[in-house]
């Protein structure tokens, strides 16, 4: 018997959470005024509540105006109101609750109660019953709750207004009960106080054992099925069950019984309202379209057990309770279905903690009989009251009554993912409505199609079943829906739009979604709500939409290639689908037809043989067998097979394949369809009554038949002699001898050597012999023989006579058709013939006409195509046709491929044109010609519901490791795995990037102008020394500057000063990856050493000069050209010249080291425009950029950084004087770049910047410049110390040329750069590594003042010497305990839970990829165990049965000698026995003795009856073979008869036969007859003899 687990109902769906009953504790006691509770019980209950409110409800009109303090519904005649349509059923109430006015818009609820609905209160037995017909009172109301100023309901209510307002209402923040203060007098205003209290939890959760004695296995379902079929054969002999797949309305008349604990718990006053509310929810569940049938749950009777009922035992044991309840409810159910309180199913609601199988608490909540509907003794279930989930328990158990099994048990409807079903064993939290699975739909449909719901066809006395639907989103707002999905801390994501299509919830700061739409009724705007995925204006409640049938599907493939297969077509109730309580479709949902009816070849196996052979490759009990079919007459549509050379059979399939013949052999055409044997007529129509006449003409009248009769007269013969030929197609064959003789009939084929009967002088037994396509019945009684066969024969056969004696003559006859010798009519009568041409396929333009071939019967016309051979069917003919020209229309081309294969941005396009058909061509027209038509969409979204595969996820950049001088910053780059696929390593973003490239401040930096600098790029030969020309490497020689060119890796764009830093930062943040477009991009894992590791060649270093003038004294006329081309003058060698040296100078702005602006990264050759905010520092500065240039062609990738020193002081001359700029620069100053690119052997480029603070005007100190002896070469710098080293310097000649080109104003005005003055500043070291490899750690660095005294740097904010770091969580594997081994021997397995956890926070779980970096493989999830081979169980003989009848037990000892036996295969130690009832022989009274004297006999009745009280059904099953049957006859009146004084009668005067005839006609009373037949008609006994017989009877009676 199926049962429901407690966890199945632990989670609720919003579809039916309209009403809840129970209680919920929280809050404080608040009441507006002191109130006294006259009723002690109510006072005790209310005072125990943690919070309650006193309110005074008033009845108002639709506008909120007070009508009356009286709350009772004014309507008194329920029948009148129902007939009137309920125009006055609308009621409005108002209460003030929690400082808010709540308005109740309620309607009288007539929907699920019959007109004859009765409430019974029983007090122990039938003699103490109070019955109340409650359906006439319009007390029960249902509707919505509104707040003041709103038009959309915020909740629902189910109230009773019979005596005040009693019931329940639901608000978004909680559930509340309301009831009047009992026995309280009216207030001064005439109002009546009510108490409102919050729903409390009924009891604390209990830990229950996960044991549920569920018995919905295959064996149990087969057993229940057999019992059901046996009951139907015995009980429903006269009823013809409808077995068509037609959807009809069904009404389940329901009895609900509440036990004493339920009544006590809810109270006699509230229990009815509670139960009716629950049943209302059950009705809604069965109105779900997913059930595929139109089923109404109608309550006809409610029984409230005020005291323990006699004959009904409700205990903890579920099966015992169910057995007792089923027997009790049958006894109180009126047998007549016309009785208004007759019920089809009974539902028990109990507060007992029931458990299936064991007498202790467990998680069982319900129990039912499988497939028990419409069986009076089995249509019942019990349910444990658990509050609101009770509705789901009852619906679940009623499903079992309809034959629905648990999802996932013996079917493939195991709940997948998050979505559960009503018949699931367990249900999780889910905001979507609970539905019935496709398996549940198939189970109940099959149950009803088999006619097993015959008792549900009668319509109860009702006035309509329209459902009052409330959209669930009206009750549960988006926050509540999120809490149902993700727990109590979840909220709605306000940032996400279009909530009607997808509900997004905020969980721990992240927006998450299950990609489900918000529930219907959810608010989506001002006076708008969601309905069917769209945001529409709020109006009235949505009208119910009744379902409509969709189009029939195409016919399926034929199940057979020959021999009459089956095809099916079905339609769905989706045009439209029933919504908002609309009725499900009624009518035929699936139809079948036969196909390929031509016979199969005789040498092919039967269809059942083919199905059995499918199991030849399937092991059965660890062995393989060859199976062949076994026919079961009781179940012709189930597949039973038996192995060859074995003596057992097994049911392989519950239903054979459609089209399998119900009966093999014979003339029956009946086939199995959907497991049911269907009648098939000779026209091969299902459920057809068409029959053949005598000669096999379907629906013929016999006019085409002729009967051939012949007589074989040959008297003598030897051996086998031919009698005559029975032709092919002969029917009604009869052969018989005229008189008995010793001869034998025989049958042979046209082959003289092939005999079918009595051949080879061997005489066969009487019986049926299958030959020539029919069955011949051979019958021999004595020496008289005959043969009978119905035909038709599929070949001609010869009748023969084996002579033994003289032949008295043999008659034989058969019936054939008149129209030819060949009786194979199908080949002669049916043929293909083309029909008419169809209409043109189009109404305009060029179309096609078609001509199809139809199967035609000779002389009758078109018939079904199954009568003709499909292999010879001609192809359809077609020809073109042209109608008038078509008007303009929109044409849509094929959709292009989606722009993305996954993710939320996919779109696909197509071409949409306005065209017109011109003959056979299409002409494009302007779109205005089609503007009157709806234009198809040219752009739609696609693939947005598909998750993208794995991709890289980057974290935030860390702080730079240094504040200046060049450092590194890092970020995490992880693979966010989707679908367990790896990420593309070629697209992995960088995890490291350069930063802090601005030069650290230093002192003693002087410059000397050089007049020989040629900005034009030409090499100017001069006798003066040029200290700015670098000394090339010994292996290279100087090369004249060439025409200015810009390499591809370098950008010619000039960034503005005030946007440099912001551009870099924004681009990196937007892309999630820095340096991505940089030609010097660093690959992951690159290192940045402080010096080059190359020793083969010293790289040539070039320095670039950056000058920042006073931003407040910049003359626009002195700046020169403002275009990018003018600001950049770059000279470089072609990349293909490996030995050339190119010098590039760069003039860039400089910023004070004391600025608070963010750090700026300058990327050499970046290709990205970068902006940096302009610093307001008054000082002018020069920045030296040291640029390493590759020597050969090599990838522009950076894996090493070279620290750069300042320009060498030894080559600096006097400090020039810079005139102040007279005009403030509006905007930003571009950078001047002269870059020297020199090849390097390491193939990489490194760039560093050093900043030189410029002294203020007036502080200039002249100095002499030193000349170089060598005008062509300079010593290469060999150190990176800021205070020493070598490098190029700016000479006076260089400065003069810069002035000439507009770069500098006057060479004499920059001598102030030579001032040896620099303020103190902080010197910071490089950041250390993180102090920890995981978890929270710290970076450290040294911070000291450049002067050596920290006090000198107090005016400058000291950089942080330390900062936090968190590389990754400290992850580790946490393993659970191993489970018990699945087998105790022969190899099992055990499993455990393995989780990636935070090793510091043991309660925090991490994603598995955090643990993939741990050493070693992850801990295994499973391992093998108990590998020892299993031993054999040793069993002892069975003991004697413990009882001789009434169900006993046999026991035996079972042991395992070695202790290693498979416990799953342990033989049973007990077995039931002697289940038959305990019965005995009961004897009746002896009848009168048949004679008065001389020895007569008398009899009595003897019956085998049960020894205990039982029903008539039990009496039919009684067997008394264990007792000796008492005698049924005994002798009597043994005394001799006293002779009469009359003359002795020796014999009858008339003949004995005639006297016996008269006696049988009861004529012995006639004196003349008695005189003539004195012996046959003896004289009547005398008075004395009669008295003696009476005394004898009295004595016999006393003996009994």
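Even glycines carry a Cβ here, placed using N, Cα and C.
Quick look at what Swiss-Prot annotates:
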type     : residues  : note
CARBOHYD : 105       : N-linked glycosylation site
DISULFID : 326-380   : disulfide bond
DISULFID : 355-362   : disulfide bond
DISULFID : 374-455   : disulfide bond
DISULFID : 413-439   : disulfide bond
DOMAIN   : 469-548   : domain 'Disintegrin'
DISULFID : 482-505   : disulfide bond
DISULFID : 493-511   : disulfide bond
DISULFID : 500-530   : disulfide bond
DISULFID : 524-535   : disulfide bond
DISULFID : 558-595   : disulfide bond
DISULFID : 562-600   : disulfide bond
DISULFID : 573-585   : disulfide bond
REGION   : 1001-1321 : region 'Spacer 2'
COMPBIAS : 1038-1047 : compositional bias 'Low complexity'
COMPBIAS : 1130-1140 : compositional bias 'Low complexity'
DOMAIN   : 1373-1428 : domain 'TSP type-1 6'
DOMAIN   : 1478-1538 : domain 'TSP type-1 8'
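Everything Swiss-Prot records as a feature, shown here on the structure.
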| residue | record | Cβ contacts under 8 Å, 6 or more apart |
| --- | --- | --- |
| 326 | disulfide bond | 346, 369, 377, 378, 380 |
| 413 | disulfide bond | 407, 421, 437, 438, 439, 440 |
| 455 | disulfide bond | 337, 344, 373, 374 |
| 558 | disulfide bond | 565, 566, 567, 595, 596, 659 |
| 573 | disulfide bond | 247, 289, 292, 547, 548, 549, 550, 584, 585, 589 |
Among the disulfide-bonded residues listed as 482, 500, 511, 530, the Cα nearest the Cα of the residue listed as 'N-linked glycosylation site' belongs to 530
List nothing but the one residue from 374, 505, 535, 600 whose Cβ has the fewest other Cβ atoms within 10 Å; the candidates are the disulfide-bonded residues. 600
What disulfide-bonded residues among 355, 362, 505, 524, 562, 600 are found with a C-alpha within 10 angstroms of that of residue 530 (disulfide bond)? 524
Length of the line joining the Cα atoms of residue 524 (disulfide bond) and residue 500 (disulfide bond), in Å: 7
Work through the disulfide-bonded residues one by one (439, 500, 511) and point out the residue whose CB has the fewest other CB atoms within 10 angstroms. 511
Near residue 530 (disulfide bond), how many other Cβ atoms are within 10 Å of its Cβ? 25
Cα-to-Cα gap, residue 355 (disulfide bond) vs residue 535 (disulfide bond), nearest whole Å: 47
Secondary structure of residue 535 (disulfide bond) (DSSP, helix/strand/coil): strand
Secondary-structure category, per DSSP, in which residue 500 (disulfide bond) falls: coil
Would you count the other C-beta atoms found within 10 angstroms of the C-beta of residue 493 (disulfide bond) for me? 19
If you count Cβ atoms within 10 Å of each one, which of the disulfide-bonded residues 362, 380, 562, 585 comes out on top? 380
The domain 'TSP type-1 8' (1478-1538) [mean pLDDT, rounded to integer]: 75
To the nearest Å, how far is the Cα of residue 511 (disulfide bond) from the Cα of residue 362 (disulfide bond)? 39
How long is the line from the C-alpha of residue 362 (disulfide bond) to the C-alpha of residue 482 (disulfide bond), rounded to the nearest angstrom? 31
CA-CA within 10 A of residue 535 (disulfide bond), subset of disulfide-bonded residues 482, 493, 500, 505, 562 in residue order, equals 500
I'd like the Cβ neighbour count for residue 595 (disulfide bond), meaning other Cβ atoms within 10 Å of its Cβ, all protein chains included. 22
Give me the count of other Cβ atoms within 10 A of the Cβ belonging to the residue listed as 'N-linked glycosylation site'. 16
Spatial neighbours of residue 505 (disulfide bond), counting only the disulfide-bonded residues 493, 562, 600 and Cα distances within 10 Å: 493
For the disulfide-bonded residues 355, 524, which Cβ has the most other Cβ atoms within 10 Å, all shown protein chains included? 355
